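Have a look at the structure below, then the notes.
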Amino acid sequence: MIRHTINLKERSYPICIATDFQELGKTVLSFRQGNKALLITDENVDNYYSDECMKVLQVSGIEVNKHVLKPGESNKTLEAVYGIYNKMVECKLDRSSIVLALGGGVVGDIAGFAAATYMRGINFVQIPTTLLAQADSSVGGKTGVDFNGHKNIVGAFYQPKAVFINVNTIKTLPKREISAGLAEVIKHGLIMDEEYCDYINYNADKIFKFDENVLQYLAKKNCSIKGYVVEQDEKEDDLRAILNFGHTIGHAIETVENFRLLHGECVSIGIVGVYKIAQYMEVLSEQLVNQVKEILLKLGLPVSLPGLDVERVYNQIFYDKKVKDNKLKFVLPRRIGEVFQCTIKDNELIKKVLLDLSN
């Protein structure tokens, strides 16, 4: 098992990267205070991994119950959190108990928010089963739900006690889900590490063939890059905003399309959008934009959305959490592996780019 530590002083925690769940019980025992745990998962993941995880935990002497959510972003609501609260009370969870989030980013966000707010915070563990969650959402302590049509507008920063990644869980994902996860993977290379981009591009076939060595390297590298950023800026005051690369446009598309597209697909289109903004600002060349588009296409990701409602997406962008005084702040590329933050005052430029993405 590979271990990587996120160093946040008293909130530091390990990321454990394995090829099965055998060490999960040992990982939980390393910090547990009480004997009760609640495993939160969704209907899809429940069919594959819940029984195995619960058995490992029970053998370790942990009294574990289960709560199953409906899958998908459309169910990432306060109502889902209320359901978890009811189960927590029913199971008599207290401040020494543990919440385990077994699933993708939606499960992690909901379960983490419930853990952050129940009894003013109880321990929780992320057990991400999708490539997207393993690469991004399980690390860093962001939790929350959507509200009134706005993505992640209700939430909290709340760090897990541990992240346990079994890289082989992605074998049960549809190819489309794997590609969506690769949007967050390639994002890390685009913002900080050109060599990592080259590695992903070169090993794309091995990723889709579930090469364990490649998958473990991806998990370790993703956690290393994201972990470094989170360690420098836990609450997204400055540097951490670079992790939102492609997300300003991506989140707006995701919301306007009513979550018809996967998160990673929207991020991919958003990445092309920020490269186009940088191109029009003469920061980089059209050739580089096309190079990035070729990589995304190789990973099975969209680079445009024909028929995109430009006006609605443009208006939705202003709900982004980086907006200050009604001014749009973007994370833009300078080259592959380097980005910078920039306030865009030319709203027509944004509309021009959105129009490009709609063709």
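Positions of Cβ are set from backbone N, Cα and C atoms, glycine also.
As given in Swiss-Prot:
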| type | residues | note |
| --- | --- | --- |
| BINDING | Gly105, Val106, Val107, Gly108, Asp109, Thr129, Thr130, Lys142, Lys151, Thr169, Ile170, Lys171, Thr172 | NAD(+) binding site |
| BINDING | Glu184, His247, His263 | Zn(2+) binding site |
Candidates Val107, Thr130, Lys151, Ile170 (binding-site residues) - the one closest to His247 (Zn(2+) binding site) by CA: Lys151
For Lys151 (NAD(+) binding site), the number of other Cβ atoms found within 10 Å of its own Cβ: 23
Sparsest-packed among the binding-site residues, when each Cβ's other Cβ atoms within 10 Å are tallied, from Thr130, Thr172: Thr172
Cβ neighbours within the same chain of Glu184 (Zn(2+) binding site) - under 8 Å, at least six residues apart: Leu131, Leu132, Ala135, Asp136, Ser137, Asn222, Gly264, Val267
Largest tally of Cβ atoms lying within 10 Å of a Cβ, found at which of the binding-site residues Val107, Ile170: Val107
Residues within 8 Å of the Glu184, His247, His263 Cβ centre (excluding the Zn(2+) site residues themselves): Leu132, Asp136, Ala183, Lys187, Gly246, Gly250, Gly264, Cys266, Val267
Protein Cβ atoms within 10 Å of His263 (Zn(2+) binding site), excluding its own: 25
